[in-house]
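Database features (TrEMBL):
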DOMAIN    126-536  domain 'Amino acid transporter transmembrane'
REGION    49-74  region 'Disordered'
TRANSMEM  137-157  transmembrane segment
TRANSMEM  164-185  transmembrane segment
TRANSMEM  205-228  transmembrane segment
TRANSMEM  275-296  transmembrane segment
TRANSMEM  316-333  transmembrane segment
TRANSMEM  364-385  transmembrane segment
TRANSMEM  405-429  transmembrane segment
TRANSMEM  450-471  transmembrane segment
TRANSMEM  477-499  transmembrane segment
TRANSMEM  511-536  transmembrane segment
Amino acid sequence: MRKKLRFKKNSLLFLWLYNISRLFCLTYFMEERPETELISIPATPRVSTPEILTPSGQRSPRPPSKEAKSSNAWTPTSFISPRFLSPIGTPMKRVLVNMKGYLEDVGHLTKLNPQDAWLPITESRNGNAHYAAFHNLNAGVGFQALVLPVAFAYLGWSWGILSLTIAYVWQLYTLWILVQLHEAVPGKRYNRYVELAQAAFGERLGVWLALFPTVYLSAGTATALILIGGETMKLFFKIVCGPTCTSNPLTTVEWYLVFTSLSIVLSQLPNLNSIAGLSLIGAVTAITYSTMVWVLSVSQQRPPSISYEPLSLQSSSSLFLVLNALGIVAFSFRGHNLALEIQATMPSTFKHPARVPMWRGAKVAYFFIAMCLFPIAIGGFWAYGNLMPSGGILGALYAFHSHDISRGLLALTFLLVVFNCLSSFQIYSMPAFDSFEAGYTSRTNRPCSIWVRSGFRVFYGFVSFFIGVALPFLSSLAGLLGGLTLPVTFAYPCFMWVLIKQPTKYSFNWYFNWILGWLGVGFSLAFSIGGIWSMVNDGLKLKFFKPN
């Protein structure tokens with residue numbers, strides 16, 4: 001009898017210790033996964049005590065259930081038990097199996113490519129929402145914003161504001177899609193735009209569709225920044241030196257070389273997270289000079305012969321001019337080719353996914369982007385109308401008000417543009433650096449040394465300089481280039497959402513994304529045709545190796 005009592009006490013003690021340990025383990029894992037649905041498993045009464053509560057509150061015996069007759073096993077009572085827990089097996093085995101399944105399910109055991117730890121984009125994963133805001137703002141505002149008043153000169157007030165608003169909302173939606181698709185597959189992170197395109201469209205088709213526009217948006221933008229940065233440095237020196245300057249100024253090519261050399265020095269920072277400070281400088285300078293440009297333009301007296309009649313109405317080929325102007329608007333919204341790369345610099349767990357800080361930073365960045373783009377477009381068109389030169393509002397400010405504005409303010413505006421170009425060069429060149437080092441590490445199976453990495457970046461900088469000197473007319477192709485690169489921002493993300501997320505067929509979400517995607521493709525073709533026609537009509541002067 002004593003042995004039975006001792007055995008019963010030991011069983012109760014074991015049961016109590018087992019429940020306490022399991023409660024501790026499950027509470028720990030529930031803190032890591034708050035979304036898990038908690039379901040209490042009803043206790044199975046033991047056969048020896050078949051009791052129920054009568055309405056009077058007193059216990060009365062009841063016949064044992066069929067389940068109790070069929071099995072002598074008992075289920076421990078617990079008030080917090082997830083659905084995935086099974087009463088079969090030892091407690092430790094169940095904890096280990098459940099923990100492994102949990103980690104694999106939520107993606108903590110993300111299958112990472114070991115090569116990613118050697119590459120500039122994924123080498124450091126300590127990014128946060130602040131870094132995301134800096135990078136997105138630095139990539140989203142730049143020289144392309146200064147050309148927006150040129151589009152308004154062809155579109156007029158109504159169509160100009162309407163097209164700019166639609167483009168802004170559209171690209172904000174596609175940016176949200178890219179942020180959500182970064183970890184669309186559990187255990188997999190799409191760290192680069194081409195990787196996501198391959199997952200959606202297939203290995204070969206994804207490369208063909210996404211490689212050219214993303215390469216241009218990275219390498220082509222870097223070349224355009226050399227052209228604009230060098231020319232702005234030349235104007236800055238001219239303003240500071242003054243009309244009575246007796247020094248021999250540098251030629252345009254020499255200013256290009258100066259800007260390229262400064263960019264190469266700054267490009268020695270190893271990875272995308274390490275240039276967060278430069279992106280902050282680029283963001284601050286972009287907001288500052290954008291505000292200064294439109295405020296200085298609006299505060300001055302407008303030219304006497306100003307007119308707000310769209311230039312497209314004064315030409316027989318108005319349709320092509322409008323398409324070219326819409327291509328300029330589309331070109332002003334860039335940076336989607338860097339969204340996945342920026343998000344790849346952040347740590348990601350189930351409890352703290354990378355999409356949360358990324359979207360928080362992107363919302364802040366695109367609020368300031370709107371505060372820069374809309375005033376420049378509207379204020380610039382109000383100040384200069386259809387007299388706006390093809391170079392944009394910065395050229396108009398110098399042409400019309402170089403004698404009305406103090407040299408200090410004018411020089412500061414141009415200097416801020418130079419700083420912004422230097423910062424933007426770094427973030428747009430990072431995908432190219434990543435591609436160079438990916439090719440090297442895949443062949444040698446080892447990370448790049450500091451000398452190899454520096455060599456790649458020096459080579460890339462001078463190749464961009466050579467292309468800029470050989471093709472100095474690239475900055476005048478904004479309409480054509482906007483049409484060619486438009487699918488990256490407006491079309492491909494919609495297709496990717498349908499192909500990867502697979503919403504219910506013929507639902508609103510399904511129709512909405514397919515329509516937006518095909519509209520983006522159609523606009524891309526139309527804007528490219530408009531850009532080509534505009535070049536032919538205006539007589540593009542192909543001055544190879546003859547910069548202005």
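Backbone N, Cα and C atoms are what each Cβ position is placed from, and that goes for glycine too.
Counting C-beta pairs under 8 angstroms (sequence separation of 6 or more), the transmembrane segment (137-157) fails to reach the transmembrane segment (450-471), with fewer than 3 such pairs. Put simply, of 164-185, 205-228, 275-296, 364-385, 405-429, the stretch with the most CB pairs closer than 8 A to the transmembrane segment (450-471) is 205-228. When Cβ distances are compared across the two stretches, the transmembrane segment (364-385) makes no contact with the transmembrane segment (205-228), since fewer than 3 pairs at least 6 residues apart fall below 8 angstroms. Count of Cβ pairs under 8 Å against the transmembrane segment (164-185): among 205-228, 275-296, 316-333, 405-429, the largest is for 316-333.
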